[in-house]
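If you check Swiss-Prot, you get these features:
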SIGNAL    1-24  signal peptide
TOPO_DOM  25-290  topological domain 'Extracellular'
CARBOHYD  Asn174  N-linked glycosylation site
CARBOHYD  Asn246  N-linked glycosylation site
TRANSMEM  291-311  transmembrane segment
TOPO_DOM  312-387  topological domain 'Cytoplasmic'
MOD_RES   Ser377  phosphoserine
Amino acid sequence: MAAAALLWLPLLVGCLAGPGGTEAQQTTLYPLVGRVFVHTLEPASFLHLPEHAAPATIPVTYHAHLQGHPDLPRWLRYTQRSPHHPGFLYGAATPEDRGRQVIEVTAYNRDSFDTAGQSLVLLIRDPEGSPLPYQTEFLVRSHDVEEVLPPTPASHFLTALAGLWEPGELKLLNITSALDRGGRVPLPIGGQKEGVYIKVGSASPFSTCLKMVASPDSHARCARGQPPLLSCYDTLAPHFRVDWCNVSLVDTSVPEPVDEVPTPGDGILEHDPFFCPPTEATARDFLADALVTLLVPLLVALLLALLLAYIMCCRREGRLKRDLATSDIQMVHHCTIHENTEELRQMAASREVPRPLFPLPMFNVRTGERMPPRVDSAQVPLILDQH
């Protein structure tokens, strides 16, 4: 019995593991609050590929979610251009997300249908060093979000931006696709791109060039369809085509004024020359008003009822007055009609002939006698023979 159990145990474990099923790998990452976090999902780190197989030729897709939840946390996004391109997890954590989060990623090989899992342990913490109070957001229309997430394009953007900003350390704070900000999907013609928002922070103040771009005069020129004011050389061109009408500057070094909470008072208004409080109302007796409101309609209704009763009971013409006002010829004609009617009724009542019984077929209308049928109707067939 023990030998049979030892024989079936490895087989059962293999069935539960499934084809291609392996234990999920675990990787620890350290995102920083307020800084962009980018993690590349490569097929080689998930699937056990043969040595001669090139990772770029194997279609692989990914599915990522927060452990114990069906989707990713709010600050984290996933994107992949196609199964032949790597996937990216990117975003910027907020102070509320500080702590430990576990992201479970499953890779699917679209050729062999193999799957592999990986757990990403994110230990989110605060960044070290001085804060970055000066923040600028650019809209780059010449790139998609997948083209800016790798380290090389991001470093090239910071290097090119250093020519427009005063010397200082620049940090990427966030990268967002223009589609996530309400942008439209471009047409697949002319190499059009979706666009990407890149947010950069620095401890150095804004340069004069950036302040001029974000000035009200530049916004007015953009509203008229004209290019904004740019007093310096565009070092981002031609590799990065920036929409200078969509540049926003945020200075967090100046604290925002806190809204004062209104203090509840005692409900008594202070002395105000324009406010005239109402005088005290004297007590009034509403008994007379109530009596007038109720008794006057009742008296009017009573008078109308008495007038109607007098007209109906005391002002009737009477039968005698009606007969006197009627002519004699009309009265004779009327009486004749009544007398003739009574005479006809008496004659009809004195007839000895019984009332006709129309349902009986043997009844004689002229004599009124009842005769038995000559033929026994019970012996007559319903349908006569046809000769």
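Cβ coordinates are placed from backbone N, Cα and C, and glycine is handled just like the others.
Confidence over the topological domain 'Extracellular' (25-290), given as mean pLDDT on the 0 to 100 scale, stands at 87. Counting only residues at least six positions away in the same chain, the Cβ atoms of Val36, Gly91, Ala92, Tyr197, Ile198, Lys199 sit under 8 Å from the Cβ of Asn174 (N-linked glycosylation site).
All protein chains considered, the CB of Asn246 (N-linked glycosylation site) has 17 other CB atoms within 10 Å. According to DSSP, Asn246 (N-linked glycosylation site) is assigned to a helical segment.
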